[in-house]
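Accompanying notes for the structure given below.
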Amino acid sequence: MNIAAPNIENAGPFTRACGWHKLLPNKIVEMAKKIKKLGQDDPRRIIHSLKVGLALTLVSLFYYIQPLYVRIGENSIWAVMTVILVFEFSVGATLGKGLNRMLATLSAGALGVGVHYLATLSGEKGEPIVLGFFVAMIAATVTFVRFFPTIKARYDYGLLIFILTFSLVSVSGYREDKVLHMAYQRVSTIIMGSLIAIVTCICIRPVWIGEELQNLIANNIEKLGNFLQGFGSEFFKISEDRQPLSDIAFVQGYKNLVTSKNNEETMANLARWEMWHYRFGLFHPWKQYVKVGTLTRQCANKIEALNNYLNSEIQTLNEFGRKIQEPSTKICSESGKALRELASAVKTMNQPTSVNAHIENSKTAIENLKFMLDTYHLEDADLQEIIPSAEVALTLIDVVPCIVKIADAVQELASLAHFKTPATRVSP
């Protein structure tokens, strides 16, 4: 006779409490490990959390210090709300939200006071009609403007705050006698909250989204170069000498590139707000980084098929594989070197010097590979053995033009961003 195991969910309250009491220590240990791993993966998260706490403490002084509270009053809560809403992980995101909120609040507050003044001129009965008309028209117009892609990318938050502030000042002003004083207090507290968030974010271990984007693009290009260089030497090995696919470092880096979900366009839009960064400045060509990143992903998708051949079960290279081994390995090696130098150029903001030489070497190897493919005799060959190596060769031929496009985009970026030219040493 089988006795079913007791189920905690179907047991009584006392039994469930005892079961959860036994599981609680394990849950606490598991949660502590997750918290530790989250902090170790990126220690900047801990610093950001402390910065938010510090900013909220500073803005709370408007409540705690009596002279400040007497001057600003209960509107101090708007400063606290502003810090919570504006403070982001990166400087660009915080600046974007902070400046948007300040400008939108200032302009909407002034417009709200003006509309209230016009409404009072229409008399007691006409005032709500005028207010309702302006609120509806302005809110509808600004909401429609938010649909423009270029405006939505950078100013969507500011337009949303504009609608909110204008509606609050206009509607609440109907029952408020001192509209100008109310608007002044709200605008001033929101500006102070935004400034506290921005200054804290910039002055204490800032995280620049522009640097994050630059490193992301450079690392992605470098992963492509590592994959091509590793593939060239790994594919033409005898299978017994190959490492397991999961243990090959360059494959793992390439997989991370393909599955990456970072939104480079969003990062570029936020980086435009970082006007005071010492390396980039006001007119840095952030759109060009997006172009380079797009071309890098296109190249990654094109060479994704090469991954399938690293698990090939061919025990020894056939005659066709040995014939195309040298030019194919040369293409991988030279293309990888070109990509690695492009990645270094993006990261260090130096002009790439020998990329063109590596690309020309790759083109020469392509010509040799095409000649071998055209002159190989297929009469006595086993097509089933030839097809994998032939597909690899054709894929490598298609990859080089993608690398040329990446190189041209990086060269354009170097020109627009005024990358430094490395000093050349002249021998006497």
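Each residue, glycine too, has its Cβ placed from N, Cα and C.
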Candidate ranges 103-123, 397-417 [criterion: TrEMBL lists as transmembrane segment]: 103-123
Stretch contact, the transmembrane segment (103-123) with the transmembrane segment (155-175), Cβ-Cβ under 8 Å, 3+ pairs: yes
Chain residues outside the transmembrane segment (187-208) and at least six past its termini with a C-beta under 8 angstroms from it: 44, 47-48, 51, 54-55, 58-59, 62, 72, 75-76, 78-83, 86-92, 94-95, 98-99, 101-102, 105-106, 109, 271, 274, 276-277
